[in-house]
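If you check TrEMBL, you get these features:
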type	residues	note
TRANSMEM	B:22-43	transmembrane segment
TRANSMEM	B:55-74	transmembrane segment
TRANSMEM	B:105-129	transmembrane segment
TRANSMEM	B:183-202	transmembrane segment
TRANSMEM	B:233-254	transmembrane segment
TRANSMEM	B:260-280	transmembrane segment
TRANSMEM	B:313-334	transmembrane segment
Amino acid sequence: MSDDPIVQMTGIRKDFTGVRALDGVDFTLRPGEIHAVMGENGAGKSTLIKVLTGVHTPDAGDILLDGKPVRFHSPGAAQAAGISTVYQEVNLTDNLSVAENLFAGREPRLGPFINFRAMRRKAKALLDDIGIDLNVAAPLSSYSIAMQQLVAISRAVDIEAKVLILDEPTSSLDRDEVEVLLGVMRRLAEKGTAMVFISHFLDQVYEICDRMTVLRNGTLVGEWATADLPQNELIGHMLGREAAALEQIERAAAAHHVADEEPLVKAQGLGRKGSIAPYDLDVRRGEVVGLAGLLGSGRTETVRLIAGADRADSGSLTFDGQSARGHNPRTAAARGIAFCPENRKTEGLVGDLTVAENMILALQASRGWARSIPVARRDKLVASFIEKLDIRPANPDMPVKNLSGGNQQKVLLARWMLIQPKLLILDEPTRGIDVGAKADIQRLVAELSAEGMAVLFVSAELDEVTRLSDRIAVLRDRELVAVLESEADMTTERIVDTIVSGGRAS
Amino acid sequence: MTTQTLTERPSRSTLFDGLTRYIPIGATVALLIALYVGGVANYDNFDSPQVVAKLFIDNAPLLVIAIGMTFVILSGGIDLSVGSVMAFSTMACAWLTVDAGIAAPLALVIVLAFGTGWGLLIGAVIHYFNVQPFIATLVGLFLFRGLTLQVSDTDVSMREVEFWQWGMTHVDFFGKVKDGGFWLPYLSFVAFAVVIIAFVVLHYTRFGRSTYAVGGSEQSALLMGLPVARTKIGVYAISGFCAALAGILAAFATKSANPLANVGAELDAIAAVVIGGTLLTGGAGFVLGTLAGVMVWGMLNTLIAFQGNLSSWWARIVMGILLLAFILLQRVLARSGEKRRT
Amino acid sequence: MNAYAKRLMWPVLILVALIAVNIITTGIDFIVPSVNDDRLGGAFVNILRRSAPLLLIALGMTLVIATKGIDLSVGAVYAIGAAIACQMIIDSSDQTAAGLVFSAIAIALVVTAVIGAWNGVMVAYFGIQPIVATLILMIAGRGIAQLITGGQIPKVQDASPFTELGRGAFLTVPIPIWIAALVLVALALLTRRTALGMLLESVGGNPEASRLAGIRSKGITVLVYLVCGLCAGLAGLIGAANLGSADANNGGQWIELDAILAVVIGGTALLGGRFFLLGTTIGVVIIGTLEDTIINVGLSSQWQFTAKAIVVFVVALLQSPEFRGWFLKPFKRKPAAPATAPAEEAVAK
């Protein structure tokens, strides 16, 4: 790769209302190379890509394309300059035909009119070339999501792109389809197209990529040639080690005293097509079960089935000795299952409502609208939880959207502790919050389990999972591959090994 | 390098798909035929070709605003201002030619330019300031009704101006009505021309296909690099133009301007568009479906007129029931499509 | 409560300004109630009396909008409620019988509540967008009202106690004002003394978070549309009683648009979430006062449409963050600072 870089980004910074998504990130892309951008949720991958493709404008930093400084203000402008993108969500319009989607905005014309015959012919030729056989006149919506994704890729390929960005393009593809895609990528690389590849499938990354750039928490960790970076080192770089010395949370070996008791949660063959393969998982009272795995490995999907947030289409779930049929969030709450979702803002809190209102929401929902919680009781409950969880500012009447991430997370926790659940499901409760709040939440989890509550704990940070969990379920590629039980297995190294080997070696 | 070829046959059936796509419009056409056959079977003279021709005389202005509305709804928006813009345009025609004494062709140009300009303005407000189309066009509904009333709160006659005779000048086809022929006035041909131009624009130009794409998913259209701003503003400009043109056709038809004319015309137009098989959420539909929807509306009114003892409100009620049926049908089709998704 | 006061500040200021204009043009009598025949009168009391139907509808609309919905059918439901009551009364031999009047009112209210619930079922259970679901009755509703009245305009005898609903007074205060005030208080208690208000705001503010918190949003949605239909029916009764007749075509014309306007002026966002019944009330009085103001400053009554259009336009633009960003740009110190988001926050604070 002696060529000059085609894209050179230096010192890129991007802020979103108070949150720094990217901080001084550099990124270099050379012609004909396939370059992976790696990182966990919130590492800044998407933001970096969106800055390059003109969706976001950077707050600081320079972008050189072919050595010339550029700044794109719309995806259209980036496309015109030769940067073409395929997103994880199929960004085509499925009400139009396959051919129209391939050529939208650049249809072959006769005078002012679209030449549909020529367009279908060109579409057919393009898809033949890539290795897909479709009826190009049929509406895109009549094909599977996977095929739609391949059409999106074909569109991007056909636009004379110097740079092709593939943002999680394979997450909905099966093995054959992935092979077709990787084949197309290799051919394009030979022709000199530079590609940015984002994927949480490590096999694919190692199979196809020449180089990797790793991001963590909006900063650059480094750039390596693929050959120089073994998988376990890569995972170490992505997940990182907690830099600040969090105080050690003392965990009593709670799990073992109830080992032979009937488990509180018993999932057997529970699964949902296209989201998580059928799995077995037990959770006992007083036990913390951690879920570890990379982004997209199915951590969230696993717990959402138990929480009733998504409907399972196979297997059975038994909770507290009873079969949980027709499971939905309301019945789950009534059974004593509390679920703090991964995305606080869109799925957890109602931003315009106050701290107090957000706290009592689940309790109130369980009582129905007519039986309001008496004001005095409500104020007392809210005040006690504000104090107990050290929520700041300690103002129950403040709109919750004005709180910091850590305090928002505590409000969400308080909401569920108010209904005194038997099982608490926490999906990435410590993501994007400050160290102090993180320690508070970890301590709380330890306390609650000591009091007998069962906890399902999802986290991207392996240190945190190993420190808190009695057992750890490891996921990879939307499959639960192993449950680590023994004390000796509770190390980050063992988890990384299990992820890399897919649970097979052990 | 792979030699493998992946094949998939179009399988899932959604609202946009092959045959499923034509179910709503097929239902509309079937209904239209049933209404006509029912009329022929029950009433004398219903089989006269002039009965059908009359649909395109009475409903020419409605057809034109419904065509404009089709563009807006396909793009995912709505335009509540068309009834008032239409009334204002008729009034402006009267004022310009009768009171101000401006040459009629110039008046037409002024009115059409006004309608288009209004559409451009409100389209820009909707796109750039992200104001909901419902609210933004509500401004037009109030504004132009008020301005119309300010120009005159009573009827203004245009009979004195010779130019306004042109619209109802008619052409005979296959002889006189009594000989089994029919006649159509010039203004009907204007409406036909609008239908044909709209059909070509929507189906055979980039602007037309962008309209569908924006209605399918504005976000995707933007990421595909389509000119979203131009498209969104364009559809409101077209709707404004059509409303002004409909006002001119109404001036031709009645040779007078009534300040309270066309109240609720926007609702008739929306109903006709939806019954014509266009999805109110945008992205799917046909111009010819709108034509069929307007004909259903006209046919209902014709039947009521032939029956003699029924009142005109029945047309409104039947239209509401049809609207309900079509919305539920679209919902069912959309759900069955979603279910088949994996 | 501080945030609440802030929301109400603009509507109150506008209302005060309008009242001031009227006092300047017509004298202090505009605001001071007079007492003739043991009943309150005067320009402002008349505005309140005339605004009562609109207030009822706007209150129902406020709750619907709080759930991220909208009800376009209220004008048609107004006409249906009026038609049922008036037709029942003129069909009977003795229009002055109290029992008849009560049953006519009761039936009209039950029917309009059912219509409202129907809208709610379409939205909550069939998953149809509110604007589409209520459009059906907006189009067909006046036809149904005409069907009930047989296309005539039923005129109730002035002697019928029904007209008291619109023209009468109780303890010197006109009955429409009593009804509107009672409904305002009742809805305020219903939403703020129970948890209904909070759950409504939760469903409108974040439907997915509400679902995951276990809220039964479907039942709540139906209830809200039912209340909205009931309010519209009651408004129709007052309107018809005031006129002594039910005009299926023109009764309550554009009242749905006025109601939406009042809700928006009152600070409730069309996107759902926080709602303000008191703000809506002020919005309604602003609209009513605006109509008088136009005449008092010497403009023809035709100007009221234009004035309303301007109000809608200004309010819509002020609620648009994009417009505020664009409009305020020239006032910002930093020339072409790329960080627009933080700057906007600073302006907001």
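Any Cβ shown, glycine's included, is placed from N, Cα and C.
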Tertiary contacts of the transmembrane segment (B:313-334), as residues 6+ beyond its ends and Cβ separation under 8 Å: 14-15, 20, 23-24, 27-28, 31, 268, 271, 274-275, 277, 279-280, 296-297, 300-301, 304
Most Cβ pairs under 8 Å with the transmembrane segment (B:105-129), selected from B:22-43, B:55-74, B:183-202, B:233-254, B:260-280: B:233-254
Considering the transmembrane segment (B:183-202), which listed stretch of B:22-43, B:55-74, B:233-254, B:260-280 counts the most C-beta pairs under 8 Å: B:55-74
Range from B:22-43, B:233-254, B:260-280 with the greatest count of C-beta pairs under 8 A to the transmembrane segment (B:55-74): B:233-254
Beyond the flanks of the transmembrane segment (B:233-254) by at least 6 residues, Cβ under 8 Å: 57, 60-62, 64-65, 67-69, 71-72, 74-75, 77, 79, 81-83, 85-94, 108, 111-112, 114-120, 122-124, 126-127, 137, 158, 164, 166-168, 185-187, 190-191, 194, 207, 211, 261-262
